[in-house]
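**Student:** Pasting a structure here, questions to come.
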Amino acid sequence: MATSRGDDLLPEIVVVTGMSGAGRSTAARALEDLDWFVVDNLPPALLPTMIDLAARTRGAVPQIAAVVDVRSMAFTEDLLSTVEDLRSRGIGARVVFLEASDETLVRRFESVRRPHPLQGDGRLTDGISRERELLRSIRGEADLVVDTSQLNVHQLKAKMVGFFGKARETRLRANVVSFGYKHGLPVDADLVLDCRFLPNPHWVPELRPLTGQDEPVRDYVLAQRGAKEMLDSYTEVLRLLVSGYQREGKHYMTLAVGCTGGKHRSVAMSEQLAARLRDEGVEVNIIHRDLGRE
């Protein structure tokens with residue numbers, strides 16, 4: 001929660017730092033999914049300025065996560081003094097330190113074929129050792145130390161949700177997008193449903209000017225052979241997906257529902273599927289991408 005202080009609302013602060021390759025970016029994405037305002041590679045000295053700017057929004061930015069990449073002793077000292085100063089002002093600043101074993105870090109860097117940022121012309125292990133020494137004092141002052149050696153991406157995200165999330169924030173959110181195949185598939189779809197096997201209301205004169213949001217079109221589409229069976233079958237599939245996505249720490253999914261033009265069948269069926277997803281506890285946003293695009 002943001003802290004009230006005079007006329008201002010001071011945000012809650014989390015500083016995410018630690019060893020390169022230990023999962024800072026993954027932790028930051030998890031916080032972003034929890035609606036934290038995430039700032040990457042922020043110099044520690046600028047953190048108080050960021051907090052003051054957030055306070056002027058009067059609560060619009062209640063939580064800030066600053067990802068700090070400490071690559072020099074000067075940055076290390078800046079971070080420690082900045083956190084100490086914030087705490088002396090009564091601002092709840094917590095430091096999360098991510099680490100992993102040397103063996104794990106070597107394996108991760110080798111898998112992506114990238115040098116360690118402090119490696120220079122030396123060996124990978126030299127860079128890891130140098131960084132570990134630079135960060136020793138920060139690790140000692142951290143509020144939370146997370147060893148990611150045995151964690152995969154999903155498990156680390158789940159840990160961050162456990163530390164900083166609320167029950168309502170862990171619900172899956174779904175975009176249900178109706179579209180017309182003649183305009184192209186949505187590029188971000190996790191699952192695509194094809195409604196073109198259903199008779200097209202376009203060929204019914206009194207339905208042609210209407211859309212799938214209109215009751216006559218909806219009733220016509222749902223009355224067709226196979227429509228209810230399709231909805232029931234995909235509801236079961238979506239139930240499995242929702243459970244699996246939540247178990248793996250996925251917070252968003254995009255379900256695309258297509259017909260020829262994106263005006264009748266896909267619109268009606270996407271509305272029905274969205275309602276069923278809501279019944280499963282999913283937060284749903286409906287987008288009729290090609291509606292009105294003749």
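Each Cβ is built from the backbone N, Cα and C atoms, and glycine gets one as well.
Feature table excerpt (Swiss-Prot):
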BINDING   Gly18, Met19, Ser20, Gly21, Ala22, Gly23, Arg24, Ser25  ATP binding site
BINDING   Asp69, Val70, Arg71, Ser72  GTP binding site
**Student:** Provide the number of Cβ atoms within 10 Å of the Cβ of Arg24 (ATP binding site), excluding the reference atom itself.
**Tutor:** 22
**Student:** Take the C-alpha atoms of Gly23 (ATP binding site) and Asp69 (GTP binding site) and report the distance between them in angstrom, rounded.
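**Tutor:** It is 12 Å, counting Cα to Cα.
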**Student:** Is Gly23 (ATP binding site) helix, strand or coil when read with DSSP?
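**Tutor:** The residue in question, Gly23 (ATP binding site), is coil (DSSP, three-state).
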**Student:** Can you tell me the CA-to-CA distance separating Ser25 (ATP binding site) and Val70 (GTP binding site), as a whole number of Å?
**Tutor:** 14
**Student:** What is the one among the binding-site residues Ser20, Ser25 whose Cβ has the most other Cβ atoms less than or equal to 10 Å away?
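**Tutor:** Most Cβ neighbours within 10 Å: Ser20.
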**Student:** Compute the mean position of the Cβ atoms of Gly18, Met19, Ser20, Gly21, Ala22, Gly23, Arg24, Ser25, which form the recorded ATP site, and then list in sequence order the other residues of that chain whose Cβ is within 8 Å of it.
**Tutor:** Leu98, Glu99, Ala100, Thr148
**Student:** About how far apart, in whole Å, are the alpha carbons (Cα) of Ala22 (ATP binding site) and Val70 (GTP binding site)?
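**Tutor:** Just about 13 Å between their Cα atoms.
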**Student:** Provide the three-state secondary structure of Gly18 (ATP binding site) computed with DSSP.
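**Tutor:** Strand, per DSSP.
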